[in-house]
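TrEMBL annotations:
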COMPBIAS  553-563  compositional bias 'Basic and acidic residues'
REGION    1-30  region 'Disordered'
REGION    524-601  region 'Disordered'
TRANSMEM  60-81  transmembrane segment
TRANSMEM  111-130  transmembrane segment
TRANSMEM  137-155  transmembrane segment
TRANSMEM  161-183  transmembrane segment
TRANSMEM  216-243  transmembrane segment
TRANSMEM  285-311  transmembrane segment
TRANSMEM  343-363  transmembrane segment
TRANSMEM  375-398  transmembrane segment
TRANSMEM  405-425  transmembrane segment
TRANSMEM  431-448  transmembrane segment
TRANSMEM  469-489  transmembrane segment
TRANSMEM  495-514  transmembrane segment
């Protein structure tokens, strides 16, 4: 019986046709090496390149969705736990039965102080932390600190709640600054992966044209804030499915409330000190807190496992190369830019309007008139309206740049004027539809505000790959506004509405003035960030580009990198041996010997 021929021909062995195949190429030991180990004959380089960049683009979309979902879970868990904790601690019976004379109201006030006061100094350390840990790892660390705050509620004591609140306050600005920088960087990378052929034609050192990544930035910011605003709805799930079953109705909680809306003063003056019909069992509370802890841990895993790096490793080590002192000073130097100065009122208003939605509108108008049992549903209406309206930020693809931001400001202006003259009666449910409509419309304005501001910053500073300084300034002013609201919580509602109205008008006027300056061609003054001086022993930097460099700096430097300041060699052949290269960096071995290059003897 004859043996069957092998399925694949054996390399180096003569085939059935002798020493040559059908094409006349030898098939024995004399066969060419390329025929044996060369590329696959049907390999299509253009098709493989297209598939490679498609995978890169899908990776960028995965990063955006993972960061958005992680931010939604983190903020939703934090708000939900804080809301449930404050309601339980407000009840007199709960405090006396569960904790006796421990002083929970005093602990809660110090905890809120730690959360709101600590971000005041965030401008000093946020850029240093982002440059030291990197954008992705700063996000992961901050989400972990939020999870730490959740874990301390298993044992509610002064020495657990207050320190964790202080640490949480330190992580607020770094988290959202790194998130904003991360989403903006993903839009830049998506443009690079979508137009890789143009990048090859222009060269690796050529920057893309201005406004090129703006459409992707609009889409990514709409996705991010669509998820972010859902966090307010997620925060109400413990209230809806757990705490609402223990609450008294409005006839009990609002029995002594006399004034609501624009006639109210402080937060819920006259609200009953007992809001719980029965006390929740400790075991049920532990189950709820365990679910929240699991969600916080899931947010950490999303950021850790699914969020890719924002920059290449060589770009993330700029702390040692640019210098601690320069990074510490640069947020203050960026304030020289008139664009940021004109946007500061909008940054402040962005903090005011979120706190007003959660405290002024939801408590001063909602809970004060229709009871605590409707608080969760009012905030869900605000959340869903804001999340769905985040897609309205895509109008910037077809409309002029100021339209979405000014439209959101105009909507808030009309709502603020309407609320200024409305005082709903306590314990009356006939006007509850007005409250839901106001909550949804306020969410629409919030979505236009948040999406428009973040997109505007990414477009104004698109010539910089790194925008951590810009988003640090934005979220620091937002934190300062939240701190101001915390200080003025006892003011009358008319005073709060007046401050909100004045800030909104000033912010809109200042922003339109900035746009007018840009149309006139006024050149903004940007700080010059020092070029990285890589002095790390034994580390070989392969990239010559500077991620902090703007277009203007690149034009001044002529695009020559670190060799821009060196003199050109004289024309014609010179005497002596030809140098090995004027711009070559010394290798690690030469650095270890202390030499500056091949010329040093």
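Counting begins at 1 with the first residue displayed.
Using the three backbone atoms N, Cα and C, a Cβ is placed for every residue, glycine included.
Nobody curates TrEMBL annotations by hand; they come from automatic prediction.
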For the transmembrane segment (375-398), sequence-distant contacts whose Cβ falls under 8 Å of one of its Cβ atoms, 6 or more beyond its ends | 214-215, 218-219, 221-223, 225-227, 229-233, 235-236, 239-240, 244, 357-358, 361-363, 366-367, 404, 435-436, 439-444, 446-448, 450-452, 455
Recorded stretch that, among 111-130, 216-243, 285-311, 405-425, 469-489, has the most CB pairs under 8 Å to the transmembrane segment (60-81) = 216-243
May I ask you to check whether the transmembrane segment (111-130) and the transmembrane segment (469-489) make contact, with contact taken as at least three Cβ pairs under 8 Å and only pairs 6 or more apart in sequence counted?
-> yes
Do the transmembrane segment (469-489) and the transmembrane segment (161-183) share at least 3 Cβ pairs closer than 8 Å, excluding pairs fewer than 6 residues apart in sequence?
-> yes
Under an 8 Å Cβ to Cβ limit, what residues of the same chain, 6 or more beyond the ends of the transmembrane segment (343-363), are close to it?
-> 232, 267-268, 375, 378-379, 382, 405, 409, 412, 419, 438-439, 442-443, 445-446, 449-450, 453, 456-457, 473-474, 477-482, 484-485, 489, 493, 496-497, 499-500, 503-504, 506-508, 510-511, 514
Determine which residues of the chain contact the transmembrane segment (431-448) at the Cβ level, with the cut-off under 8 Å and only residues 6 or more beyond its ends counted.
-> 225, 229, 353-354, 357, 361-362, 365-366, 369-370, 374, 377-379, 381-390, 392-393, 404-405, 407-409, 411-412, 415, 418-419, 422, 424-425
Are there residues at least 6 beyond the ends of the transmembrane segment (161-183) whose Cβ is under 8 Å from a Cβ of it, and what are they?
-> 63-64, 67-68, 71, 74, 78, 107, 110-112, 114-119, 122-123, 125-126, 129-130, 135-136, 138-139, 141-143, 145-146, 148-149, 152-153, 217, 220-221, 224, 307, 310, 454, 457, 466-468, 471-472, 474-476, 478-479
